[in-house]
Amino acid sequence: MFISPTTIDENAWDWVVQNRSEPWITIARVITTFGNTLVITTLAVLAVVWLAYAGRRVDAAYVALGTIFGYVLMQSLKFGFARNRPPIEDRLLNIDSFSYPSGHAMMTMVVFGLFAVAAYRCFAWVRDHRWILLLAPLMSILVGLTRIQLAVHWTTDVVSGWVFGVLWVALCTWVLARYESRRRANASAADAG
């Protein structure tokens, strides 16, 4: 199913291309690297190893499986929608994969969102300073905006990436809560029996 750009996409695209400035392009090139597959994968692997080493195996599995299946979902959506990227002559990065949803926007929301949930569960300091959890969506928003600035995504690619990412983290967290609820119920039943 191919989806074409919307009027919002085209208007935002025109504005971005007409209002580019070198300092913002340089900043965007740096920030966008936080959403690269290598960086995201490295961060996820480090978090999973650290959580497992710290004895937080359920949280390690949560981050690992959430990241892996989030990536599979993102790629499935890209191939399912098969949306072309903005015109190549205006792109500031050479990318030839499908555009919708933005993998950088979705996977930063997924990985940093999973990190935020795991950190909240593992660290009293995070629970006492909940404002720190805002760094997860903030980082994803910054990375997503760079994809528009660098003209490699339409606006709706990025917004959809964020939405799919939030929904995926919510689903993963719901599954985790159900798993732990059943585990506690089974432990209580074993203690009573």
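Cβ atoms are placed via backbone N, Cα and C, with glycine included.
Keep in mind that this is a model prediction, so the values were computed, not measured.
According to TrEMBL, the transmembrane segment annotation covers 27-53 (among others). Tertiary proximity for the transmembrane segment (27-53) is limited to same-chain residues at least six positions away from its ends with a CB under 8 Å from its CB atoms, namely 59-60, 63-64, 67, 92-93, 103-105, 107-108, 111, 114-115, 118, 122, 139-140, 142-147, 149-150.
For 60-81 (among others), the entry in TrEMBL reads transmembrane segment.
Helix, strand and coil residue tallies for the domain 'Phosphatidic acid phosphatase type 2/haloperoxidase' (60-173), in that order: 89 helix, 0 strand, 25 coil [DSSP]. As annotated by TrEMBL, domain 'Phosphatidic acid phosphatase type 2/haloperoxidase' applies to 60-173.
Residues annotated as transmembrane segment in TrEMBL: 101-120 (among others). Under 8 Å from some Cβ of the transmembrane segment (101-120) lie the Cβ atoms of residues 32, 34-37, 40, 43-44, 47, 51, 56, 59, 62-63, 66-67, 70-71, 74-75, 77-78, 81, 126-127, 130, 132-133, 135-137, 139-140, 143-144, 146-147, 153, 157-162, 164-166, 168-169, 172-173, 176, all in the same chain and six or more residues away from its ends.
What TrEMBL records for 132-152 (among others) is transmembrane segment. Beyond its flanks by at least six residues, the transmembrane segment (132-152) meets 12-13, 16-17, 20, 24-25, 27-29, 31-32, 34-35, 85-86, 90-93, 95, 99, 102, 104-105, 108-109, 112-113, 115-116, 119-120, 126, 158-159, 161-162, 165-166 of its own chain at Cβ-Cβ distances under 8 Å.
If you look up TrEMBL, you'll see 158-177 (among others) marked as transmembrane segment. Within the chain, the transmembrane segment (158-177) has long-range Cβ neighbours (under 8 A, six or more residues past its boundaries) at 58, 62, 65-66, 70, 73-74, 77, 100-110, 113-114, 117, 137, 140-141, 144-145, 147-148.
Packing against the transmembrane segment (60-81) from elsewhere in the chain are residues 1-3, 40-41, 44, 47-49, 51-52, 97-101, 103, 106-107, 110-111, 114-115, 117-118, 161, 164-165, 168-169, 172, 176: each is 6 or more residues past its ends and has a CB under 8 Å from a CB in it.
Over the domain 'Phosphatidic acid phosphatase type 2/haloperoxidase' (60-173) the predicted model carries a mean pLDDT of 91.
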